[in-house]
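Listed features, source TrEMBL:
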type     : residues : note
COMPBIAS : 1-12     : compositional bias 'Polar residues'
REGION   : 1-25     : region 'Disordered'
TRANSMEM : 49-70    : transmembrane segment
DOMAIN   : 52-455   : domain 'Major facilitator superfamily (MFS) profile'
TRANSMEM : 90-110   : transmembrane segment
TRANSMEM : 117-137  : transmembrane segment
TRANSMEM : 177-196  : transmembrane segment
TRANSMEM : 243-263  : transmembrane segment
TRANSMEM : 292-313  : transmembrane segment
TRANSMEM : 325-350  : transmembrane segment
TRANSMEM : 356-380  : transmembrane segment
TRANSMEM : 392-411  : transmembrane segment
TRANSMEM : 431-454  : transmembrane segment
Amino acid sequence: MEDTSPIVTIQPSEDKHPCSSQKYGSVSHETAEGDIPSADAGIKSSKRAYVAVAVLCYVNLLNYMDRYTIAGVLPSIQNYFRITDSTSGLLQTVFICSFMLLAPAFGYLGDRYNRKVIMVAGMIAWIVTTLGSSFITEEYFWVLVLMRALVGTGEASYCTIAPTIIGDLFIGSQRSIMISFFYIFIPVGSGLGYILGSKIASVTGDWHWALRVRLFSLEVRIYVCHDSVCMFGDGVFPSSRSFVWSSLGVTAMAFVTGALAFWTPTFLSRARVKQGIMPPCVKEPCDPSDSLIFGVITVVTGIMGVFVGTAISRKLRDRLPSADPIICAVGMLSSSPCLFLAIVLAGTSIPVTYTFIGIGEVLLSLNWAIIADILLYVVIPTRRATAEALQIMVCHLLGDAGSPYLLGIISDVVSKLQATSLEWRFHSLEYSILICPFIGVLGGLFFLFTALYIKEDRRAAEVLAIGTAGRAGRRSESLGQFDAGGLDSVQLSLVEMSQAE
């Protein structure tokens, strides 16, 4: 059947616009002597694109290892600084808050300036602050809190921009596969953060080394293409209903995963003390067994969940346009009872608890790659970084920015009822964590609302991309220059639309 998909073509002029020498916005392949990249060229990505994704995946792995190393050595940190549960939760909250507040700024810059430079600058800030936080003594807990906030600054630059680069480099089913590989390193990195953090602290006898050793792996080079891209401010803004509802669903998921990721190893350690399996930790290093086991479970279930979720999505998407949000809803709604049972059974059976945690994490991990793909196909290419930043800000503001601290506060308040009881110290944290399954149900409902609008909003984004291409073409002709990268991004969207039809 003859391909009738609309492709915008613009005749380049020898005149150069002042901004044509800048490296802005979307990543695209280099063109020789102003040749216009064809839409077909976007279908088969170059080797360099795969190298770029490999590097982004590697940095994503280190990113989440760093984020959850603190949780893996939390009992040791509590003993070292002599802090309560609520104060401990503050370590994660300040990190997420700075990450959240700066994400919109990096998203704005990522849609307009060189994404490679922005990411590298953020990574340098991340390395310096992480290394600095590993030398803090027990008198300066507030400095550790400050350093964790600055670490969030560095990570905001990376997490906002990286998924949009993958969205620029790949289209259709290829993009879904690459996104799944990228997001699989969220649970893998989180699990390795627990495992390596607790193991290094146990071997060295000092939790500070858990923050230092990982930095030796951060000597990476970011490979992205260098093209001249001049962005036009056409005012397109991600305001579709499916974007709003899916962002609320991601927020509920962030609340649940953020709270459980931070508190689960400590909670299970207290469960062992309550059952008399091991004595309470009074000096470091604390027993790392629960961090190790939880880390392994997180890695294995994360890999399973992401691959299964992506496979189901690819199988159902052509037959059911709303398949992606429905899969996310099923994952959230079915994981909630598993997490509830894991929490209430922790005081009586650790193996059963780990079983339900594993099932719940598989179901939650179905969503990681799918929610990113939803954003990429309901928002036009030139506004993806901004949309990613807005979603990050909302999901952290109402999700995991406050959930570890909130659960810590509830635990401290409840524990004061029987301050000297080790068993009650376990129950106080248990009662606070029980909030999470109910938030998970709420997230499932948000994804069901997303399913009502996803088909309409995806079509609207595709039509809007065509209009954006037309406006860009008229402006380029009037300026006598060719916007290679901007057109390439729009052409990829048009190819996606023709493939979907």
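The backbone N, Cα and C atoms fix where each Cβ goes, and this holds for glycine too.
Predicted automatically and left uncurated, TrEMBL annotations should be read as such.
Here the domain 'Major facilitator superfamily (MFS) profile' (52-455) returns a mean pLDDT of 83 for the predicted model. Pairs of Cβ atoms less than 8 Å apart link the transmembrane segment (177-196) most often to 356-380, out of 90-110, 356-380, 392-411. Between the transmembrane segment (292-313) and the listed ranges 325-350, 356-380, 392-411, the one holding the most Cβ pairs under 8 Å is 356-380. The list of residues near the transmembrane segment (392-411) in space but at least 6 beyond its ends in sequence, with Cβ under 8 angstroms from a Cβ of it, reads 84-90, 92-93, 96-97, 99-101, 103-104, 107, 156, 159-160, 247-248, 250-259, 262-263, 428-429, 431-433, 435-436. Beyond the transmembrane segment (243-263), the same-chain residues lying 6 or more positions past its ends with a Cβ under 8 Å from any Cβ of the stretch are 68, 71, 74, 89, 92, 96, 190, 298, 325, 328-329, 332, 339, 364, 367, 371, 374-375, 378-379, 387, 390-391, 394-401, 403-404, 406-408, 429, 433, 435-437, 439-440, 442-444, 446-447, 449-450, 453, 457.
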